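Visitor: Dumping the structure here so I can ask a few things about it.
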């Protein structure tokens, strides 16, 4: 037994070291971003791939490029996000030193046989671009071009680098591709480069500003969409306040008047509406285990979105490779108690007894969905030999985070939720026998309410979806996180208002099945987002191929599902507070 415990401790320590190794940056000279004269500056070659398929990337040297003569420098994935995003840095072999200019110099030659020529021709026909890094600054270049007839193909052989410096820091890098050489089999092609250094007034903190596109993200259409959504919020909040408060005031007045009647008059009175289901409105939802797990997961996704956006507003996460994804993973793991607290407390309130099973489902619902999709796409990436194929070590690190971080923290949250707020303290007693649900008009059926409930929330965010999609699926860096925070707040307010109105009409029709209806009517926003993704794919992009198509629709399904779970949880939480409020204010014998 002693030996077994030692092995468990050793395994846990190894897992923690693996996680820390992925989450903490590796100490290296280039990460200090300061150089002395003549100090080596590393040019990393990252990936190459078709311009229209941003996620279909391959190692730079998967094309028959040649490297310089300098010794190879190993590169390790410094963060989990960098590994998951397919960053594959390889040393170029070029001799570059700080402030040391290099005239045009041949660094290698390519023996162009037929196979290599065919590889370059295929890359040129599919508009292949490559990416490089100097001091973490990205550089893009095109492989080659074809003539007007498309018969002859030319390779760019001369990399002309112009590097700007401010003091002892690199603040700007520009690449000019020259030396167009026609691709002819059985010839030798000389690859050359030159480096020119120039003094720059750009501050180090502002060196990424050139990669941003203010004219795109701060376009008047973007401002107009925010204003339009804000007006929708004012309208909905006013509508909910006016209609519901006036209607409820009349209901309260009628019910107060009925309390003064004797039993005979009350029985003969015209009593109807939401008060009639007071004995069933707090009845546990169907399938409480999966329902509470979805609510807990949705609350966690909302917490992650809120925190990550705030961090992105404070820190420029786009300046570091994979930092956004690494931050999201870290925050998701750290907010696991939120999932356990809300899911566990709701399950306890609904009388659930299999709380351990609920905890496991809540903890692994989102990770299983994401990992399952990634696992499927990973097979395609491996088949294509793409850099997006997730390394085995990264898979182990993700599993370690799930089992050694997310699950224990979820357990803590579940225990706290069950003990602190797990007692069913409903304002109305639940009847032993469910009340029959009367017939109602077709547009009051839960299925119809669910389909219509997501239209207005989607309408408040679909313009922002275009900018988010473009930043992820095209070559734009999203940096207007203030807009995103405002849109998140607007989405939550619109979702809560719409679900409250839908729930009130449902209860007024004496249908007490409001829990799943409120969740699904808000979650149906995801269906419209996924439908919009089809429009975006076919009309706004030029993506093609099995890998890019499966990557796009696979991860868009994950994004839409997560968004739907978050909206559903927000809608349910707001509606739950509303239902509790109206039934608390009504005196029920």
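Using the three backbone atoms N, Cα and C, a Cβ is placed for every residue, glycine included.
Caution: TrEMBL annotation is automatic and unverified by curators.
Checked TrEMBL, it gives:
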{"type": "SIGNAL", "residues": "1-28", "note": "signal peptide"}
{"type": "TRANSMEM", "residues": "223-245", "note": "transmembrane segment"}
{"type": "TRANSMEM", "residues": "289-313", "note": "transmembrane segment"}
{"type": "TRANSMEM", "residues": "325-348", "note": "transmembrane segment"}
{"type": "TRANSMEM", "residues": "360-384", "note": "transmembrane segment"}
{"type": "TRANSMEM", "residues": "390-412", "note": "transmembrane segment"}
{"type": "TRANSMEM", "residues": "447-469", "note": "transmembrane segment"}
{"type": "TRANSMEM", "residues": "481-507", "note": "transmembrane segment"}
{"type": "TRANSMEM", "residues": "519-539", "note": "transmembrane segment"}
{"type": "TRANSMEM", "residues": "551-573", "note": "transmembrane segment"}
Visitor: Under 8 angstroms for C-beta pairs, at least 3 of them, ignoring pairs fewer than 6 apart in sequence. Is the transmembrane segment (223-245) in contact with the transmembrane segment (519-539) by that rule?
Guide: no
Visitor: Do the transmembrane segment (481-507) and the transmembrane segment (289-313) come together with 3 or more C-beta pairs under 8 Å, pairs six or more apart in sequence?
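Guide: The transmembrane segment (289-313) and the transmembrane segment (481-507): touching, yes.
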Visitor: Other than its close neighbours in sequence, what residues sit by the transmembrane segment (360-384), given a CB gap under 8 Å and a spacing of at least six beyond its ends?
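Guide: 56, 58, 289-290, 292-294, 296-297, 300-301, 332, 336, 339-340, 343-344, 390, 398, 402, 406-407, 410-411, 414, 546-547, 550-551, 554-555, 557-558, 561-562, 565.
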Visitor: Which listed stretch (325-348, 519-539, 551-573) has the most C-beta pairs under 8 A with the transmembrane segment (390-412)?
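Guide: Answer, by Cβ pair count: 325-348.
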